[in-house]
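Visitor: Okay, these came from Swiss-Prot:
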ACT_SITE  Tyr145  active site
BINDING   Arg131, Tyr145, Pro146, Met147, Asp148, Lys149, His172, Gln185, Ser223  Fe-coproporphyrin III binding site
Amino acid sequence: MNEAAKTLDGWYCLHDFRTINWAELKTLSTEERQQIINEFLDLMEKWNDTEAQGEGSHAVYTIVGQKADVMLMILRPSMEELNEIETAFNKSRFAEFTVPAYSYVSVVELSNYMAGDSDDDPYQNPHVRARLYPQLPKAKHVCFYPMDKRRQGDDNWYMLPMDQRRELMKSHGMIGRSYAGKVKQIITGSVGFDDWEWGVTLFADDVLQFKKLVYEMRFDEVSARYGEFGSFFVGNLLTAEGIPSYFYV
């Protein structure tokens, strides 16, 4: 059997995409609508407290286009906690005016393709811990997409020897590193958790950097020959201060 890549796993992750029922929202009185907004802000305040304690992170973005209106990205130490947050949101009055559009369940992941030789416990390495248990940046823009490694004929990633996969991922990773300071990337593994194998979440203050990064990577063999990609979701940061105006109708 071919050698499988080993992974380091961090916080569990939920991407929850919702479409807003604007027609129903318009039927509410100003007072009712404000109560719903306040309830959602209370939920966000609880998430802020959790983030301040270093026990998780979150980000809220509006989505451009017809695939969804809002994306909630939640990181927590356990799958149970993700379920609790999802359930609490679904029980809120605000959720009555949303329709689930898409979701993605995964876990923050680092592979051993780029790892050096060391007997030290990687989970005690501050640099590794910062990547496995990240505080999500509140960048102006987000881009999310799921992906697989191709398994077709001669283009079967999983039949390549470990050394060849490691070398390919090294050159692939160098492209991503060249965007350091421009794009923050969170890779989450989802084999056995969702329909795709990985989720990729990109954060940037300049939305054009998403296009530049993804386009450049398409010419790298890892993407050009072995990459399969799902739908792309692009959006803009929604802060607590911006929520009242966003939901004003």
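Including glycine, each Cβ sits where the backbone N, Cα and C put it.
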Visitor: Long-range same-chain neighbours of Arg131 (Fe-coproporphyrin III binding site), Cβ under 8 Å, sequence gap at least 6?
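Guide: In sequence order, the residues whose Cβ lies under 8 Å from that of Arg131 (Fe-coproporphyrin III binding site) (at least 6 apart) are Gly10, Val108, Leu110.
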Visitor: Between the Cα atoms of Tyr145 (active site) and His172 (Fe-coproporphyrin III binding site), what distance do you get, rounded to the nearest Å?
Guide: 17
Visitor: Validating a neighbour-count step here. Other CB atoms within 10 A of the CB of Tyr145 (active site): how many?
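Guide: Result for Tyr145 (active site): 19 other Cβ atoms within 10 Å.
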Visitor: How many other Cβ atoms sit within 10 Å of the Cβ of Asp148 (Fe-coproporphyrin III binding site)?
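Guide: Asp148 (Fe-coproporphyrin III binding site): 17 neighbouring Cβ atoms within 10 Å.
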Visitor: Validating a neighbour-count step here. Other CB atoms within 10 A of the CB of His172 (Fe-coproporphyrin III binding site): how many?
Guide: 18
Visitor: Please list, in sequence order, the residues in the chain of Pro146 (Fe-coproporphyrin III binding site) that are at least six apart in sequence and whose C-beta is under 8 Å away from its C-beta.
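Guide: Expected: Tyr104, Ser190, Asp194, Asp195, Trp196, Glu197, Trp198, Gly199, Val200, Phe229, Gly230, Ser231.
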Visitor: At its widest, how many Å does the recorded Fe-coproporphyrin III site span between Cα atoms of Arg131, Tyr145, Pro146, Met147, Asp148, Lys149, His172, Gln185, Ser223?
Guide: 23
